[in-house]
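Down below is the structure, laid out as C-alpha coordinates.
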Amino acid sequence: MDAWRDEYEQLLFLQDRSIGFKAVIAIHNTSLGPSLGGCRIRQYASDQDAVADALRLARSMTYKSALAGVPYGGGKAVILASPDAGPRDALFRTLGKHIQKLQGQYITGMDLGTTVADMDTVRQETTFVTDTSGSLGAVGDLTAKMTAYGVFLGIGASLRRLFGSESLLHRSVAVQGLGKVGYQLCRYLKEAGARLTVTDLDARLVRKAAKEFGASVSLPANIMAVPCDVLAPCALGGVLDDGAIGRLNCRIVAGAANNQLAEERHGDKLRKRGILYAPDYVINAGGIIVTASELSGGDAAQAKRNVESIYGTLTRVYDLAEAQSLSTSAAANRLAENLFRA
Ligand code: NAI
(Lines of atoms letter the chains of each structure in order from A and count residues from 1; the text may use other names and numbers.)
(Lines give C-alpha, C1' and ligand atoms only; values in the text may rest on other atoms or scores of the structure.)
Protein backbone atom coordinates (compact mmCIF):
# COMPACT_ATOMS: atom_id res chain seq x y z
CA MET A 1 0.00 0.00 0.00
CA ASP A 2 3.02 2.29 0.35
CA ALA A 3 2.83 2.99 -3.40
CA TRP A 4 0.09 5.55 -2.68
CA ARG A 5 2.69 8.00 -1.46
CA ASP A 6 4.23 8.27 -4.94
CA GLU A 7 1.10 8.16 -7.00
CA TYR A 8 -1.79 9.73 -5.16
CA GLU A 9 -2.57 13.36 -4.42
CA GLN A 10 -4.64 12.94 -1.25
CA LEU A 11 -5.83 10.24 1.08
CA LEU A 12 -8.29 11.24 3.79
CA PHE A 13 -9.46 9.01 6.61
CA LEU A 14 -12.59 10.59 8.08
CA GLN A 15 -14.15 9.76 11.39
CA ASP A 16 -16.96 10.96 13.66
CA ARG A 17 -17.23 8.63 16.63
CA SER A 18 -20.47 10.20 17.89
CA ILE A 19 -22.40 8.66 14.95
CA GLY A 20 -20.13 5.70 14.12
CA PHE A 21 -19.03 7.34 10.88
CA LYS A 22 -15.85 6.13 9.21
CA ALA A 23 -15.03 6.89 5.59
CA VAL A 24 -12.12 7.23 3.19
CA ILE A 25 -11.73 9.67 0.31
CA ALA A 26 -8.87 8.96 -2.09
CA ILE A 27 -7.88 11.44 -4.80
CA HIS A 28 -5.54 9.88 -7.33
CA ASN A 29 -4.86 12.53 -9.95
CA THR A 30 -6.43 15.86 -10.89
CA SER A 31 -4.23 16.92 -13.78
CA LEU A 32 -7.12 16.66 -16.28
CA GLY A 33 -9.74 18.13 -13.90
CA PRO A 34 -11.42 17.65 -10.53
CA SER A 35 -11.48 14.07 -9.32
CA LEU A 36 -14.74 12.26 -10.05
CA GLY A 37 -15.87 8.88 -8.75
CA GLY A 38 -18.79 7.44 -6.84
CA CYS A 39 -19.19 6.63 -3.17
CA ARG A 40 -19.68 3.04 -2.06
CA ILE A 41 -20.85 1.79 1.29
CA ARG A 42 -19.97 -1.73 2.43
CA GLN A 43 -18.53 -3.71 5.29
CA TYR A 44 -14.77 -4.20 5.25
CA ALA A 45 -12.74 -6.73 7.20
CA SER A 46 -10.45 -3.90 8.36
CA ASP A 47 -9.80 -0.16 7.97
CA GLN A 48 -6.79 -1.07 5.79
CA ASP A 49 -9.04 -2.98 3.40
CA ALA A 50 -11.27 0.08 3.04
CA VAL A 51 -8.27 2.31 2.33
CA ALA A 52 -6.91 -0.17 -0.23
CA ASP A 53 -10.31 -0.35 -1.96
CA ALA A 54 -10.61 3.45 -2.15
CA LEU A 55 -7.06 3.78 -3.52
CA ARG A 56 -7.53 1.13 -6.18
CA LEU A 57 -10.90 2.51 -7.28
CA ALA A 58 -9.69 6.13 -7.37
CA ARG A 59 -6.76 5.16 -9.56
CA SER A 60 -8.92 3.31 -12.04
CA MET A 61 -11.20 6.37 -12.29
CA THR A 62 -8.23 8.47 -13.47
CA TYR A 63 -7.55 5.99 -16.26
CA LYS A 64 -11.23 5.68 -17.15
CA SER A 65 -11.85 9.44 -17.39
CA ALA A 66 -8.63 10.08 -19.31
CA LEU A 67 -9.44 7.54 -22.03
CA ALA A 68 -13.12 8.51 -22.11
CA GLY A 69 -11.97 12.02 -23.00
CA VAL A 70 -13.82 13.71 -20.14
CA PRO A 71 -12.15 16.58 -18.23
CA TYR A 72 -11.94 14.86 -14.85
CA GLY A 73 -9.45 13.04 -12.71
CA GLY A 74 -9.88 10.03 -10.47
CA GLY A 75 -11.26 9.89 -6.94
CA LYS A 76 -13.44 7.65 -4.83
CA ALA A 77 -15.15 7.64 -1.44
CA VAL A 78 -15.98 4.62 0.65
CA ILE A 79 -18.07 4.56 3.81
CA LEU A 80 -17.31 1.68 6.17
CA ALA A 81 -20.66 0.09 7.00
CA SER A 82 -20.88 -1.11 10.58
CA PRO A 83 -23.60 -2.34 12.91
CA ASP A 84 -22.63 0.52 15.28
CA ALA A 85 -23.15 3.22 12.67
CA GLY A 86 -25.80 5.87 13.26
CA PRO A 87 -28.73 6.69 10.96
CA ARG A 88 -27.94 6.54 7.24
CA ASP A 89 -28.87 10.20 6.74
CA ALA A 90 -26.32 11.29 9.32
CA LEU A 91 -23.56 9.30 7.61
CA PHE A 92 -24.18 10.82 4.19
CA ARG A 93 -24.60 14.36 5.56
CA THR A 94 -21.27 14.01 7.32
CA LEU A 95 -19.65 12.78 4.12
CA GLY A 96 -21.20 15.76 2.31
CA LYS A 97 -19.64 18.19 4.80
CA HIS A 98 -16.20 16.71 4.19
CA ILE A 99 -16.66 16.82 0.41
CA GLN A 100 -17.67 20.48 0.69
CA LYS A 101 -14.41 21.22 2.56
CA LEU A 102 -12.52 19.89 -0.47
CA GLN A 103 -13.99 22.77 -2.49
CA GLY A 104 -14.56 20.79 -5.67
CA GLN A 105 -11.38 18.75 -5.80
CA TYR A 106 -13.60 15.67 -5.46
CA ILE A 107 -17.10 15.14 -6.91
CA THR A 108 -19.07 12.13 -5.69
CA GLY A 109 -21.97 10.07 -7.03
CA MET A 110 -23.57 6.64 -6.72
CA ASP A 111 -21.67 3.37 -6.54
CA LEU A 112 -22.08 -0.05 -4.93
CA GLY A 113 -24.62 0.12 -2.09
CA THR A 114 -25.57 3.79 -2.50
CA THR A 115 -28.77 5.24 -3.92
CA VAL A 116 -30.21 8.43 -5.41
CA ALA A 117 -31.72 9.15 -1.97
CA ASP A 118 -28.22 8.99 -0.41
CA MET A 119 -26.92 11.45 -2.99
CA ASP A 120 -29.86 13.76 -2.23
CA THR A 121 -28.71 13.67 1.40
CA VAL A 122 -25.13 14.52 0.41
CA ARG A 123 -26.59 17.36 -1.70
CA GLN A 124 -27.88 19.02 1.48
CA GLU A 125 -24.27 19.76 2.41
CA THR A 126 -22.48 20.20 -0.92
CA THR A 127 -23.06 20.83 -4.61
CA PHE A 128 -20.14 18.54 -5.53
CA VAL A 129 -22.38 15.53 -6.08
CA THR A 130 -24.09 13.87 -9.07
CA ASP A 131 -26.83 11.21 -9.36
CA THR A 132 -29.29 13.25 -7.29
CA SER A 133 -33.07 13.11 -7.97
CA GLY A 134 -33.89 14.27 -11.48
CA SER A 135 -30.26 14.29 -12.63
CA LEU A 136 -29.43 13.03 -16.11
CA GLY A 137 -27.94 9.75 -14.87
CA ALA A 138 -30.74 9.01 -12.40
CA VAL A 139 -33.72 9.46 -14.72
CA GLY A 140 -34.69 6.13 -16.34
CA ASP A 141 -31.42 4.63 -15.09
CA LEU A 142 -29.60 6.30 -17.97
CA THR A 143 -26.19 5.57 -16.44
CA ALA A 144 -26.68 1.79 -16.56
CA LYS A 145 -28.38 1.99 -19.94
CA MET A 146 -25.54 3.97 -21.49
CA THR A 147 -22.97 1.68 -19.87
CA ALA A 148 -24.70 -1.23 -21.61
CA TYR A 149 -24.82 0.71 -24.89
CA GLY A 150 -21.07 1.40 -24.68
CA VAL A 151 -20.37 -2.29 -24.01
CA PHE A 152 -22.57 -3.23 -26.97
CA LEU A 153 -20.62 -0.88 -29.25
CA GLY A 154 -17.34 -2.20 -27.83
CA ILE A 155 -18.40 -5.77 -28.60
CA GLY A 156 -18.97 -4.61 -32.19
CA ALA A 157 -15.50 -3.05 -32.36
CA SER A 158 -14.00 -6.29 -30.99
CA LEU A 159 -15.86 -8.48 -33.49
CA ARG A 160 -14.67 -6.27 -36.33
CA ARG A 161 -11.08 -6.59 -35.13
CA LEU A 162 -11.21 -10.39 -35.05
CA PHE A 163 -13.68 -11.29 -37.77
CA GLY A 164 -13.67 -8.23 -40.06
CA SER A 165 -17.35 -7.51 -39.37
CA GLU A 166 -19.19 -6.19 -36.35
CA SER A 167 -22.37 -8.07 -37.24
CA LEU A 168 -23.85 -10.01 -34.34
CA LEU A 169 -26.04 -12.18 -36.54
CA HIS A 170 -25.38 -15.81 -35.60
CA ARG A 171 -22.73 -14.73 -33.10
CA SER A 172 -22.95 -16.25 -29.62
CA VAL A 173 -22.56 -14.16 -26.48
CA ALA A 174 -22.46 -15.44 -22.88
CA VAL A 175 -23.53 -12.83 -20.32
CA GLN A 176 -22.53 -13.20 -16.66
CA GLY A 177 -24.83 -11.08 -14.48
CA LEU A 178 -28.29 -9.82 -15.42
CA GLY A 179 -28.41 -6.72 -13.23
CA LYS A 180 -28.96 -3.14 -14.35
CA VAL A 181 -26.26 -3.28 -17.05
CA GLY A 182 -26.22 -6.98 -18.02
CA TYR A 183 -29.97 -7.18 -18.65
CA GLN A 184 -29.97 -4.06 -20.80
CA LEU A 185 -26.94 -5.38 -22.71
CA CYS A 186 -28.93 -8.55 -23.52
CA ARG A 187 -31.62 -6.32 -25.06
CA TYR A 188 -29.14 -4.62 -27.39
CA LEU A 189 -27.50 -7.93 -28.31
CA LYS A 190 -30.76 -9.73 -28.98
CA GLU A 191 -32.02 -6.89 -31.18
CA ALA A 192 -28.81 -7.19 -33.21
CA GLY A 193 -29.39 -10.92 -33.77
CA ALA A 194 -27.02 -12.53 -31.24
CA ARG A 195 -27.62 -15.93 -29.64
CA LEU A 196 -27.42 -15.55 -25.87
CA THR A 197 -26.41 -17.73 -22.94
CA VAL A 198 -27.05 -16.09 -19.57
CA THR A 199 -26.49 -16.63 -15.89
CA ASP A 200 -27.14 -14.87 -12.59
CA LEU A 201 -27.36 -15.85 -8.93
CA ASP A 202 -30.93 -14.54 -9.03
CA ALA A 203 -33.06 -17.30 -10.60
CA ARG A 204 -35.91 -14.84 -11.27
CA LEU A 205 -33.71 -12.71 -13.53
CA VAL A 206 -32.47 -15.81 -15.35
CA ARG A 207 -36.03 -17.02 -16.03
CA LYS A 208 -37.02 -13.55 -17.26
CA ALA A 209 -34.05 -13.32 -19.65
CA ALA A 210 -34.57 -16.87 -20.93
CA LYS A 211 -38.18 -15.99 -21.77
CA GLU A 212 -37.64 -12.48 -23.15
CA PHE A 213 -34.52 -13.20 -25.21
CA GLY A 214 -34.86 -16.92 -25.89
CA ALA A 215 -31.53 -17.24 -24.08
CA SER A 216 -29.92 -20.53 -23.07
CA VAL A 217 -29.14 -20.78 -19.38
CA SER A 218 -25.84 -21.67 -17.71
CA LEU A 219 -25.12 -22.35 -14.06
CA PRO A 220 -23.15 -19.46 -12.53
CA ALA A 221 -20.20 -21.79 -11.92
CA ASN A 222 -20.00 -22.79 -15.61
CA ILE A 223 -20.41 -19.49 -17.44
CA MET A 224 -16.67 -18.82 -17.92
CA ALA A 225 -16.31 -22.09 -19.86
CA VAL A 226 -19.36 -21.73 -22.14
CA PRO A 227 -18.35 -22.09 -25.80
CA CYS A 228 -19.13 -18.71 -27.41
CA ASP A 229 -17.70 -15.91 -29.54
CA VAL A 230 -17.95 -13.30 -26.77
CA LEU A 231 -17.99 -13.61 -22.99
CA ALA A 232 -19.44 -10.50 -21.30
CA PRO A 233 -18.68 -10.36 -17.54
CA CYS A 234 -21.30 -8.02 -16.07
CA ALA A 235 -21.29 -9.07 -12.41
CA LEU A 236 -18.20 -8.99 -10.22
CA GLY A 237 -14.59 -7.90 -10.57
CA GLY A 238 -11.60 -10.26 -10.38
CA VAL A 239 -13.24 -12.93 -12.59
CA LEU A 240 -10.25 -13.31 -14.92
CA ASP A 241 -7.74 -15.25 -12.83
CA ASP A 242 -5.42 -18.12 -13.76
CA GLY A 243 -8.08 -20.79 -13.34
CA ALA A 244 -10.82 -18.94 -15.24
CA ILE A 245 -8.54 -17.92 -18.12
CA GLY A 246 -7.51 -21.56 -18.52
CA ARG A 247 -11.16 -22.58 -18.86
CA LEU A 248 -12.30 -19.85 -21.26
CA ASN A 249 -13.87 -21.14 -24.45
CA CYS A 250 -14.45 -17.78 -26.18
CA ARG A 251 -12.61 -15.54 -28.68
CA ILE A 252 -13.39 -12.21 -27.00
CA VAL A 253 -13.94 -11.02 -23.42
CA ALA A 254 -15.90 -7.76 -23.41
CA GLY A 255 -18.18 -6.82 -20.53
CA ALA A 256 -19.17 -4.13 -18.05
CA ALA A 257 -17.72 -5.39 -14.75
CA ASN A 258 -15.04 -3.20 -13.19
CA ASN A 259 -11.59 -4.63 -12.48
CA GLN A 260 -12.12 -7.90 -14.36
CA LEU A 261 -8.43 -8.87 -14.35
CA ALA A 262 -7.50 -10.46 -11.02
CA GLU A 263 -3.98 -9.06 -11.56
CA GLU A 264 -2.40 -6.91 -14.29
CA ARG A 265 -0.43 -9.93 -15.59
CA HIS A 266 -3.68 -11.64 -16.56
CA GLY A 267 -3.94 -9.23 -19.51
CA ASP A 268 -0.85 -10.88 -20.95
CA LYS A 269 -2.17 -14.33 -20.18
CA LEU A 270 -5.30 -13.60 -22.24
CA ARG A 271 -3.16 -12.34 -25.10
CA LYS A 272 -1.06 -15.50 -25.04
CA ARG A 273 -4.24 -17.58 -25.21
CA GLY A 274 -5.25 -15.60 -28.32
CA ILE A 275 -8.31 -14.09 -26.61
CA LEU A 276 -9.09 -10.47 -27.38
CA TYR A 277 -9.77 -8.60 -24.13
CA ALA A 278 -11.65 -5.28 -24.18
CA PRO A 279 -10.12 -3.45 -21.17
CA ASP A 280 -12.96 -2.92 -18.69
CA TYR A 281 -12.48 0.75 -18.00
CA VAL A 282 -12.48 1.54 -21.72
CA ILE A 283 -15.59 -0.42 -22.66
CA ASN A 284 -17.63 0.42 -19.53
CA ALA A 285 -17.04 4.20 -19.66
CA GLY A 286 -20.68 4.91 -20.66
CA GLY A 287 -21.57 5.75 -17.05
CA ILE A 288 -18.81 8.28 -16.53
CA ILE A 289 -19.58 9.85 -19.91
CA VAL A 290 -23.21 10.38 -18.83
CA THR A 291 -22.03 11.93 -15.56
CA ALA A 292 -19.63 14.23 -17.39
CA SER A 293 -22.42 15.23 -19.81
CA GLU A 294 -24.63 16.04 -16.82
CA LEU A 295 -21.93 18.19 -15.22
CA SER A 296 -21.46 20.14 -18.43
CA GLY A 297 -25.22 20.72 -18.81
CA GLY A 298 -25.71 18.26 -21.70
CA ASP A 299 -28.86 16.22 -22.32
CA ALA A 300 -29.49 12.51 -22.89
CA ALA A 301 -29.06 12.77 -26.66
CA GLN A 302 -25.67 14.46 -26.24
CA ALA A 303 -24.64 11.84 -23.68
CA LYS A 304 -25.53 9.04 -26.11
CA ARG A 305 -23.49 10.64 -28.90
CA ASN A 306 -20.54 10.95 -26.51
CA VAL A 307 -20.83 7.27 -25.53
CA GLU A 308 -20.39 6.38 -29.20
CA SER A 309 -16.74 7.47 -28.90
CA ILE A 310 -16.08 4.17 -27.05
CA TYR A 311 -15.96 2.31 -30.37
CA GLY A 312 -13.10 4.49 -31.67
CA THR A 313 -11.22 4.52 -28.36
CA LEU A 314 -11.26 0.74 -28.13
CA THR A 315 -10.09 0.50 -31.74
CA ARG A 316 -7.12 2.78 -30.88
CA VAL A 317 -6.29 0.53 -27.93
CA TYR A 318 -6.34 -2.54 -30.20
CA ASP A 319 -4.19 -0.77 -32.81
CA LEU A 320 -1.53 0.13 -30.24
CA ALA A 321 -1.56 -3.36 -28.73
CA GLU A 322 -1.04 -4.89 -32.16
CA ALA A 323 1.63 -2.40 -33.25
CA GLN A 324 3.69 -2.80 -30.08
CA SER A 325 2.94 -6.45 -29.26
CA LEU A 326 1.34 -5.49 -25.96
CA SER A 327 -1.62 -6.90 -24.11
CA THR A 328 -4.70 -4.76 -24.71
CA SER A 329 -4.80 -3.84 -21.00
CA ALA A 330 -1.19 -2.59 -21.12
CA ALA A 331 -1.97 -0.63 -24.30
CA ALA A 332 -4.97 1.04 -22.65
CA ASN A 333 -2.88 1.97 -19.61
CA ARG A 334 -0.22 3.47 -21.83
CA LEU A 335 -2.69 5.58 -23.80
CA ALA A 336 -4.32 6.82 -20.57
CA GLU A 337 -1.01 7.62 -18.88
CA ASN A 338 0.10 9.62 -21.93
CA LEU A 339 -2.99 11.77 -21.41
CA PHE A 340 -2.89 12.44 -17.68
CA ARG A 341 0.88 12.57 -17.30
CA ALA A 342 1.38 14.86 -20.31
P1 NAI B 1 -26.12 -4.96 -10.42
O2 NAI B 1 -25.84 -5.10 -8.97
O3 NAI B 1 -27.39 -4.32 -10.87
O4 NAI B 1 -26.06 -6.40 -11.14
C5 NAI B 1 -25.09 -7.36 -10.90
C6 NAI B 1 -25.74 -8.71 -11.12
O7 NAI B 1 -24.73 -9.72 -11.07
C8 NAI B 1 -26.79 -9.07 -10.08
O9 NAI B 1 -28.00 -9.43 -10.71
C10 NAI B 1 -26.16 -10.25 -9.32
O11 NAI B 1 -27.11 -11.19 -8.87
C12 NAI B 1 -25.26 -10.84 -10.39
N13 NAI B 1 -24.16 -11.65 -9.86
C14 NAI B 1 -23.38 -11.41 -8.79
N15 NAI B 1 -22.49 -12.40 -8.63
C16 NAI B 1 -22.68 -13.26 -9.65
C17 NAI B 1 -22.07 -14.49 -10.03
N18 NAI B 1 -21.07 -15.02 -9.35
N19 NAI B 1 -22.54 -15.11 -11.13
C20 NAI B 1 -23.57 -14.60 -11.83
N21 NAI B 1 -24.19 -13.44 -11.52
C22 NAI B 1 -23.76 -12.80 -10.43
O23 NAI B 1 -24.85 -4.21 -11.04
P24 NAI B 1 -24.75 -3.39 -12.39
O25 NAI B 1 -25.04 -1.96 -12.13
O26 NAI B 1 -25.49 -4.10 -13.46
O27 NAI B 1 -23.18 -3.48 -12.67
C28 NAI B 1 -22.59 -4.68 -13.16
C29 NAI B 1 -21.08 -4.49 -13.23
O30 NAI B 1 -20.77 -3.40 -14.09
C31 NAI B 1 -20.43 -4.18 -11.88
O32 NAI B 1 -19.15 -4.78 -11.85
C33 NAI B 1 -20.27 -2.67 -11.92
O34 NAI B 1 -19.17 -2.24 -11.13
C35 NAI B 1 -19.99 -2.44 -13.40
N36 NAI B 1 -20.36 -1.10 -13.85
C37 NAI B 1 -21.63 -0.63 -13.67
C38 NAI B 1 -21.98 0.63 -14.11
C39 NAI B 1 -23.37 1.16 -13.96
O40 NAI B 1 -23.67 2.23 -14.52
N41 NAI B 1 -24.29 0.48 -13.28
C42 NAI B 1 -20.99 1.51 -14.77
C43 NAI B 1 -19.70 0.89 -14.98
C44 NAI B 1 -19.41 -0.36 -14.51
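Here the Cβ of each residue, glycine as well, is placed from N, Cα and C on the backbone.
Unlike curated records, TrEMBL annotations are generated automatically.
LYS76 (active site, proton donor/acceptor) carries a strand DSSP state (E or B). Cβ neighbour count for LYS76 (active site, proton donor/acceptor) (all protein chains, 10 Å cutoff from its Cβ): 27. What TrEMBL lists as active site, proton donor/acceptor is LYS76.
Cβ neighbours of VAL181 (NAD(+) binding site) (same chain, under 8 Å, six or more residues apart in sequence): ALA144, THR147, ALA148, VAL151, CYS234, ALA256, ASN284. The annotation NAD(+) binding site is assigned in TrEMBL to GLY177, LEU178, GLY179, LYS180, VAL181, GLY182.
Least crowded of the binding-site residues (GLY177, GLY179, GLY182), judged by neighbouring Cβ atoms within 10 Å of its own Cβ: GLY179. Other residues of the chain with a Cβ within 8 Å of the Cβ centroid of GLY177, LEU178, GLY179, LYS180, VAL181, GLY182, the NAD(+) site, are ALA144, VAL175, TYR183, GLN184, LEU185, ASP200, CYS234, ALA235, ALA256. Comparing local CB density within 10 A for the binding-site residues LEU178, LYS180, the maximum falls on LEU178.
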